[in-house]
Structure formats: C-alpha cells, structure tokens
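One structure is given here, and the rest of the page talks about it.
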Amino acid sequence: MSDATGVPGRKAVCWLCPHRCHLSDGQTGFCRARQNQGGIIRSLSYGLLTSAALDPIEKKPLYHFRPGSMILSLGSFGCNLRCPFCQNYTISQAGRDGFEGQQLPMDRTSPKEIVAAAQRLEETSGNIGVAFTYNEPLVGYEFVYDTARLLKEAGLVVVLVTNGQIEKDPWLQLLPYVDAVNIDLKGFTQSFYDWIGGDLKTTKAAIEMAAEQGVHVEVTTLVIPGKNDGAEEMAAEAEWLAGLSAELPLHLSRYFPRYRSKIPMTPVETLQRLRRIAGARLRFVHLGNV
C-alpha cells in the first residue's frame with residue numbers, strides 16, 4: 001500500500017487511505033501507524049495488540065449477523081481521523097511510543113497465534129471468529145489482511161469495525177476475507193468530515209463496495225448535538241442507505257462528552273426524532289448508548 005522506491009532518503013507515498021501521506025525517510029503518517037522506512041511504507045503496528053476481549057457480537061454493534069454469538073475482539077493503535085469526541089482516544093490517537101507521553105501496554109503476536117487463540121475460544125466459549133475493532137483497524141492493513149486470510153482458511157468469521165477511510169484497491173483486496181462490517185458513517189456532510197479530518201465520499205464508497213461484494217453491512221452514526229443531528233441531514237443519509245438496501249441496519253448512537261469535546265450529551269429525544277426520520281426509509285434503525 002505504498003509508492004515504494006526502496007531507496008533510503010527518498011520520499012514515499014502511502015496509498016492506503018485518502019490522506020495519501022508523502023513521507024520522508026523515517027517520517028510517520030497522519031495515522032501514526034505507518035512509516036517510511038528506507039523508501040518503503042511499513043506498518044508500525046504489525047502484530048501489536050493494545051486490547052483483546054471476548055465480546056457479544058451485538059457490542060460491535062452488529063444486530064443482524066450471527067445474533068447471540070461471541071467474538072474475539074482485537075485492537076491495536078492509530079487512526080486516520082482526528083475525532084475530538086473519540087471514545088477510544090488513548091489507543092486511536094496513540095503511536096508506537098504511546099499516547100501523549102504515556103506508554104501503552106502492548107502484546108506482540110502473529111496471525112497464526114491469533115487463529116490458534118480464536119480456535120481455542122471456539123472450543124471453550126463458542127467464539128465464532130475475530131473482530132478487528134477498538135482503534136481504526138485498517139491503518140494496520142497488513143496484519144488485518146494476513147490474519148483474515150488465515151481465519152477464513154480455518155473456517156472462522158472475520159468482522160471489521162471501521163471508519164471506512166480506505167482507498168478502493170486495498171479495500172477490494174481485503175473484502176473477500178471479510179464476513180461482516182460495521183462502518184462508521186460519522187455524518188453526511190463534507191463539512192462534518194472536514195472537522196474530523198476525513199472524506200465523506202471515501203466512506204460512502206467503502207460502504208457501497210462492501211455491500212456490492214456481498215459482505216454483511218451495518219452502519220453506525222454517532223449523533224452529536226449541533227453537528228450532525230439535523231433532520232435534513234438524517235433524511236439524506238437514510239435515503240442514500242436505502243438506495244443500497246432498505247434492509248441495511250442503521251445504528252444511531254448517543255454521544256457523550258469525551259476526549260477534547262465539551263459539547264453536551266445528546267438528548268434521547270433527539271435520537272428518537274432521528275429514528276422516526278430514518279425509519280421512514282430504512283427497516284432497521286437501532287438506538288445505542290441509551
């Protein structure tokens with residue numbers, strides 16, 4: 001996922017996401033998880049885990065894919081957005097050297113070890129596979145790709161919880177090994193995505209491609225007062241999603257002040273109002289964090 005010259009001292013371009021970082025030798029990208037090393041873009045997070053838990057599938061959230069199942073959920077570090085309201089900011093806004101001067105506890109592993117752990121949990125706890133989640137998993141693309149291939153060979157389920165900020169080619173290469181995704185559609189205006197350092201069209205394209213490839217898709221929008229809670233915006237989002245499928249589940253999640261955001265929490269009444277609007281176009285609209 002790079003314009004890899006392989007010549008020390010040369011700049012290299014990371015083509016993984018729409019930031020397309022032009023990096024000098026030794027420079028780390030916007031996501032804090034990818035670096036130009038000798039003219040080649042390398043993953044800094046390969047095999048490094050900051051989080052691991054056996055979660056209900058509904059926690060991802062996925063309400064319409066293998067309901068009642070448990071799934072091994074893994075996180076690393078880094079993200080290619082800068083959401084000031086991030087719930088997992090201590091890992092998403094961290095690099096290999098930690099978060100704001102504080103080291104992160106990390107465990108080193110390999111794709112084969114992840115598959116073995118998932119299989120053990122399948123036997124003991126009914127685990128169905130692995131969910132890559134917590135931080136933005138796609139900034140650690142190589143590890144996700146390598147592990148997903150082995151998981152599929154072992155007959156296990158692969159789930160991604162992602163912001164969808166990924167370019168077309170790497171996304172299409174990964175999707176054959178993915179069973180289900182929950183994609184964060186942060187808002188439905190480019191001005192909102194400008195606020196968080198992303199690109200709306202890229203996330204929309206990721207949703208479209210996943211649906212076209214037969215991957216189970218659910219979408220989450222964190223509703224933030226005064227930012228993405230307008231009736232017209234929600235109607236437009238629901239209309240667009242319904243154009244893909246009126247059966248596509250939408251999760252409207254309640255925002256609480258976190259990280260650098262001091263905006264007051266979202267009233268439950270706002271979520272209920274937006275559910276009515278979205279529900280006119282979509283069959284499944286769920287409320288979260290209420």
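Numbering starts at 1 and runs along the chain as it is shown here.
Cβ atoms here come from the backbone N, Cα and C positions, even for glycine.
As recorded in TrEMBL, the features of this protein are as follows:
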- C79, C83, C86: [4Fe-4S] cluster binding site (BINDING)
- 64-281: domain 'Radical SAM core' (DOMAIN)
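Overlay of TrEMBL feature records on the structure.
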residue	record	Cβ neighbours (10 Å)
C79	[4Fe-4S] cluster binding site	27
C83	[4Fe-4S] cluster binding site	24
C86	[4Fe-4S] cluster binding site	21
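Across the residues of the domain 'Radical SAM core' (64-281), the predicted structure has a mean pLDDT of 98.
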